[in-house]
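Student: Structure provided below as C-alpha cells; questions to follow.
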Amino acid sequence: MPSSAVIRRVIKPALFVACALPLLSLVFAAFGIGGASLGANPVERIQDTFGQWGLRFLCITLAVTPVRDWFNMPWLVQLRRMLGLYAFFYVLMHFLTWLILDQGFYWSGILKDIGERPFITIGFSALVLLVPLAVTSTNKMMRRLGRRWKKLHRLIYLICLLAVWHYYWQVKSDVTEPLIYLAIVLVLLGWRAWKARPKPAATAVMEES
C-alpha cells in the first residue's frame, strides 16, 4: 500500500493531470497545436467530448469502492473525491457548451430544443443532482452532515443511471456504447446490492473475523 506521502505528493498530482487530459486535448485542438483539429463541427466535438468524459468519470467514481474491495486497495478511496469532482466538471462543461456555444442563450430556441429532445431534461436532472454532491465533497461538510452525508452521496447511483439514459436517448442509430455503459453501471450497482444483502449471523461473523 502506498504511503500517505506518496499518495499526496505523487499519485494525486499525477491523477489530477491525467483527468485533465481530455480538456487539454480540446484546448490543443482549438489552437491547432500538434496538428490537432476540432473538425468540421467544433461545437459538437467539444460537447460530445465533455459529455463522454463526464459519463466515464461517473462510472470510474462509482467503481472505486468495488475495485477497492476486489483488489484490497483501501487507499483508492482517497482518490474518489477528485474523480467525482472531475465528473461534475465535465458534465457541467457539457451542459454549458450546449447552453452557450450551441444555443447562444437563445431561450426560445432552448425551450424548443427541450420540447423536441426530452433527453436534455434527463441530462439536466443528472447535473442538478450532482451539484449538492460537489458542494458537500469537503471534509468540513462530511463532518457537518454526519450520517446524512453518506445518504446524500448515494445519489450517484441515480445520477449514473440518468446519465446513461440521457446518452442512450440521444444516440440516433448505434446504441452499442450506451448499452456498454449501462452494463457497467448495473454491474457496479448489482455488486453493491449483493454486498448490502442481509447475511445469516454465522456468515456475518466469519466475514468480520
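Just so it is clear, glycine is given a Cβ too, placed from its N, Cα and C backbone atoms.
Heads up, here are the entries from TrEMBL:
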DOMAIN    51-164  domain 'Ferric oxidoreductase'
TRANSMEM  53-71  transmembrane segment
TRANSMEM  83-101  transmembrane segment
TRANSMEM  121-140  transmembrane segment
TRANSMEM  152-169  transmembrane segment
TRANSMEM  175-194  transmembrane segment
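Mind running through what each feature is packed against?
Tutor: Secondary structure counts, DSSP: the domain 'Ferric oxidoreductase' (51-164) has 100 helix, 0 strand, 14 coil.
Away from its own ends, the transmembrane segment (53-71) comes close to residues 19, 22, 77, 79-80, 83-84, 86-87, 90-91, 93-94, 156-157, 159-160, 163-164, 167, 181, 184-185, 188-189, 191-192, 195 of its chain (Cβ-Cβ under 8 Å, at least six residues beyond either end).
Residues 51, 81, 84-85, 87-88, 91-92, 94-95, 114, 149, 152-153, 155-156, 158-159, 162-163, 165-166, 169-170 of the same chain lie 6+ residues outside the transmembrane segment (121-140) yet bring a C-beta within less than 8 angstroms of a C-beta in it.
Under 8 Å from some Cβ of the transmembrane segment (152-169) lie the Cβ atoms of residues 51, 54-55, 58-59, 61-62, 84, 91, 118-120, 122-123, 125-126, 129-130, 132-133, 136, 145, 175, 177-179, 181-182, 185, 188-189, 192, all in the same chain and six or more residues away from its ends.
Away from its own ends, the transmembrane segment (175-194) comes close to residues 55, 59, 62-63, 65-66, 157, 160-161, 164, 167-168 of its chain (Cβ-Cβ under 8 Å, at least six residues beyond either end).
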